[in-house]
Amino acid sequence: SVGFKAGVKDYKLTYYTPDYETKDTDILAAFRVTPQPGVPPEEAGAAVAAESSTGTWTTVWTDGLTSLDRYKGRCYHIEPVAGEESQFIAYVAYPLDLFEEGSVTNMFTSIVGNVFGFKALRALRLEDLRIPNAYVKTFQGPPHGIQVERDKLNKYGRPLLGCTIKPKLGLSAKNYGRAVYECLRGGLDFTKDDENVNSQPFMRWRDRFLFCAEALYKAQAETGEIKGHYLNATAGTCEEMIKRAVFARELGVPIVMHDYLTGGFTANTSLAHYCRDNGLLLHIHRAMHAVIDRQKNHGMHFRVLAKALRLSGGDHIHSGTVVGKLEGEREITLGFVDLLRDDFVEKDRSRGIYFTQDWVSLPGVLPVASGGIHVWHMPALTEIFGDDSVLQFGGGTLGHPWGNAPGAVANRVALEACVQARNEGRDLASEGNQIIREASKWSPELAAACEVWKE
């Protein structure tokens, strides 16, 4: 008799297990599956589970040397998608032992590394992940988190204000520093390097760091508030990235920045560890996210990338605006904003949250609203995002007819007016425009901004 039965086999025999009870230590994934015509849902769901865990396309004799039952991914539930005949959600459970501790890189390589090019599927999208407590605890997470950041900055009870310095490419370091100073002097908490500002011929990183640090200290001395500028440490190698972070620390600045998707999760986690060890805050930009998350039926939802960032580490992350120039549906956005900030988030399908997620006291991340927003959006932003957020007005500060500092003043006045109105019990949704108008009566800077950007 032969030791094992050779040949190609159906995945669903081994990998579709509807009776399976998920364990607390399993990593759970929700995939939106669009199979090729004629492939039944069970087979497609099982194929996803197999290809992203222990499966290969044929029987191999080395299967006999291990326990498949202990190590295989299992498709344990399939549900139809309302309004889509050819789509369904496949739920897959992965045993914890398949993953290296503290490695977002390995988690993604395992779960989404190979299976997305699979022939039996027309399209595949990872909608959500449930990270078990045991796995969360192997990550350091954000270098500092929301509470520690507020304590370092001594700013409480309101969202923080930021601004990306434009034009993003072409300024010299000295002029760039001047723009930073004007914004901070006017009343912003932070200014930001654009995500594509690294170290180009017209402005090398070291010069920029120096002039921005000078701008920061000057603005701090003038205003009596702590100021920050997100110095982009993203670089072509990890060594160079850490070198830039070290220089930022030597200058004594409070915060650096990283593009976590283009830079990669390994680099990002290294930088996050450095930042915690050296008291630097870490601002994360999500350049390249739309390549991965924009298609509705293929790729990965941003909430998965956001969860991954909280594990890998970052104190701020860009997460859409709900109101500006970039797309983002309100409930769905609020769903992953809460996943970033809160310690425990209940499953809620109306907000796109497929699993209850317990972060077991991992620090939270501040969501950053950025992109096409201006003073008229302030009431809505204050209401939607609440206190724990960073509101970033690039053109909405620098586009002010009187210059950067008055633009910053306008934003700060608008924010303080909205926070005060909210604290007095007024309804920002219905009275927002009126609140801004009232505030603009005693702030010429805000009045000028209201003129430029009509409601």
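Heads up, the Cβ atoms here are built off N, Cα and C, so glycines get one too.
Annotated features, as they stand in Swiss-Prot:
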type	residues	note
ACT_SITE	LYS166	active site, proton acceptor
ACT_SITE	HIS285	active site, proton acceptor
BINDING	LYS192, ASP194, GLU195	Mg(2+) binding site
MOD_RES	LYS5	N6,N6,N6-trimethyllysine
MOD_RES	LYS192	N6-carboxylysine
SITE	LYS325	site 'Transition state stabilizer'
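Taking the features listed in Swiss-Prot, we show where each one sits on the structure.
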residue	record	DSSP class
LYS166	active site, proton acceptor	coil
LYS192	Mg(2+) binding site	strand
HIS285	active site, proton acceptor	strand
Least Cβ-crowded entry, counting other Cβ within 10 Å, from the recorded positions listed as LYS166, LYS192, HIS285: LYS166
Around the Cβ of GLU195 (Mg(2+) binding site), the count of other Cβ atoms that are within 10 Å: 20
Number of Cβ atoms other than its own within 10 Å, given for ASP194 (Mg(2+) binding site): 18
Rounded Cα separation (Å) that holds between GLU195 (Mg(2+) binding site) and HIS285 (active site, proton acceptor): 7
Integer Å distance between the CA atoms belonging to LYS192 (Mg(2+) binding site) and LYS166 (active site, proton acceptor): 9
Remaining residues near the recorded Mg(2+) site, that is with C-beta within 8 Å of the centroid of the site residues LYS192, ASP194, GLU195: THR164, ILE165, LYS168, ASP193, ASN196, VAL197, TYR230, ASN232, MET257, HIS285
Nearest-integer angstrom distance between the alpha carbons (Cα) of ASP194 (Mg(2+) binding site) and HIS285 (active site, proton acceptor): 9
